[in-house]
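Contents: one structure, followed by commentary.
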Amino acid sequence: MGRRDIDESDFHSRPTKRGSRPRTKQRPEHSDAVTGLVTGVDRGRYTLLVKDPDDGGGDGASGEKIVTAMKARELTRTRVVVGDRVDVVGDVSGGEGSLARIVRIQERTSTLRRTADDTDPYERIVVANADQLVIVTALAQPEPRTGMIDRCVVAAYDAGMSVLLCLTKADLASPDELRALYEPLGVEVVVTQRAPSDDETDGANSAGQTAGGMILVPESVEEVRERLRGLVSVLVGHSGVGKSTLINALVPAAKRATGVVNDVTGRGRHTSTSAVALALPVAVTEGSPTDTFDGWVIDTPGVRSFGLAHVEVSHLLRAFDDLDEVAQECPRGCTHLADAPDCALDDWIEASPEDERPARAARLTSFRRLLASRTGSDA
Ligand SMILES: Nc1nc2c(ncn2[C@@H]2O[C@H](COP(=O)(O)OP(=O)(O)OP(=O)(O)O)[C@@H](O)[C@H]2O)c(=O)[nH]1
Ligand SMILES: [Zn+2]
C-alpha cells in the first residue's frame, strides 16, 4: 500500500473501511443557522417553513415564512425528507428567487420507511417526525383489503407512531366488520361519507365541500379533524379510496387533484410521488378555513407499501403493553403465532374471567393477524 499525503482530492472521496478520513479543515459551525420544517421536496429543492421574527402573519401559519433551500455539499449523500427539522444558513429571506442552504438535520423522533418496489429498488425514509399514521381505506369501491391495512398498522407501530383508521365511503357499505377487526387492537377508527344532498347541490355551502369535488358529511370531516389536531399525521391510501377528497375537505387550500383512475393510462391523476406537508386549519366553516393552524397533514401520493422485513416481534409487542407483559412468560424464541407451542398468550385467554374472554380473544386474534402480516405478502 503506497503512502501519500492527503490532498484536496481526498476531501470529497468516500470514507475508507475504517471510517471517515480526518478532515483537513474544521467544518464551519453555522452558529447563525435558523431552524426550518421541511414541508415539500421537489428535485433537489426543499420547501421550508421558518419562524419569522419580523412578521406577525405569513404564507402558511402566522409568524412563519416559506423559504426555498438546497442541501449543503456535506449533506449530498444524506436524505432530507418531509417532516425533517433542519438548520439553514444563507439567504433565508424567503424572497423571490432566494435560496438558502440546509447544513444540518436535527435528530428525528420517528421515521416512516417505505419498502423497495418496481419503481425504486431502495428502501427509503418517507417522512420524519410524524406522530400518527392515518390509513385511509374505502368501505367499497375499491373493496377494503385487510392485509394492506395490517401491514400499515405494523409499519406505524414499528416506527413509533399511533394509528388512525379512516374508513371512507360509508354511504356505500357498513364499517362494522372492519371496526370489529381493528378496535380490539386499540386502533382508533373514524368514518366519513358522502353528503346525502351531494347529488342535488353543486354549491359551495358546506364544510365538507371539496375543491370542485364531492361533498362529504361535514360532521364526519370535523371528527377526523379533531383527531388530527395538534399532531403530525401521515395519510396513506390506495388510489381511489378518497384520500384527496378528504384532504381537500380538511385543507381546502390544498386543492389535491381528485378523480377516478385514468382508463387509458391506468394511472391516477397524480403524477407526483413526493410527500407534501399541509398546515391543518383548526376549522373550516362555509367552505373557508380559519387562518389558525394546529397540526400537519402529510400526503404521500407515491407510497403504496411498507417494508416489514426489518420489523422484530419484540418491537411490535411494545405497542401492546398487556400482551407484552404476558409474553414475558413465553418459552424462549416463541413466535406467539396461533401454532406456537406453550405460548403464554393462549394461557392469558384461558385464565381470563368469563366476561372478559371474548374481548381478549378478539385482541389476540387481531394481534396474531398483524404478526403474520409481517411475513405474508399483500399482493
Ligand atoms: N360514494 C362515495 N364516493 C367518494 C367518497 N369520497 C370520495 N369518493 C369518490 O371516490 C373517487 C376517488 O376519490 P379521490 O379522492 O380522487 O381518491 P384518492 O384516494 O385521492 O385517489 P387518487 O386521486 O387516485 O390518489 C372520486 O370519484 C370521489 O368522488 C365517499 O365518501 N363516498
Ligand atoms: Zn408466545
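Cβ coordinates come from backbone N, Cα and C, glycine included.
Taken residue by residue with DSSP, Lys243 (GTP binding site) is part of a helix. A 10 Å cutoff on Cβ-Cβ distances gives Lys243 (GTP binding site) a total of 26 other Cβ atoms nearby, all chains included. The feature GTP binding site is assigned by TrEMBL to Thr168, Lys169, Ala170, Asp171, Gly237, His238, Ser239, Gly240, Val241, Gly242, Lys243, Ser244, Thr245.
The Zn(2+) binding site annotation in TrEMBL covers Cys330, Cys334, His336, Cys343. DSSP assigns His336 (Zn(2+) binding site) to coil in the three-state reduction, outside any helix or strand.
Residues or ranges marked as compositional bias 'Basic and acidic residues' by TrEMBL: 1-13.
The compositional bias 'Basic residues' annotation in TrEMBL covers 14-25.
For 109-306, the entry in TrEMBL reads domain 'CP-type G'. Per-residue confidence over the domain 'CP-type G' (109-306) averages 83 (mean pLDDT, predicted model).
Among the features that TrEMBL reports, domain 'EngC GTPase' is placed at 128-304.
Taken from TrEMBL, the feature region 'Disordered' applies to 1-31.
Cβ-based neighbour count (10 Å, all protein chains) for His336 (Zn(2+) binding site) stands at 21. Candidate binding-site residues: Thr168, Ser239, His336. Those with a Cβ under 6 Å from ligand 1, in sequence order, are Thr168, Ser239.
A simple Cβ count within 10 Å picks out one of the binding-site residues Thr168, Ser239, Thr245 as the most packed, and that one is Thr168. A Cβ distance below 6 Å to any atom of ligand 2 is met by none of the binding-site residues Ala170, Gly237, Val241, Lys243, Thr245. Between the alpha carbons (Cα) of Cys330 (Zn(2+) binding site) and Gly237 (GTP binding site) lies a span of roughly 36 Å. The binding-site residues recorded for this entry are Cys334, His336, Cys343, and the Cα of His336 lies nearest to that of Val241 (GTP binding site).
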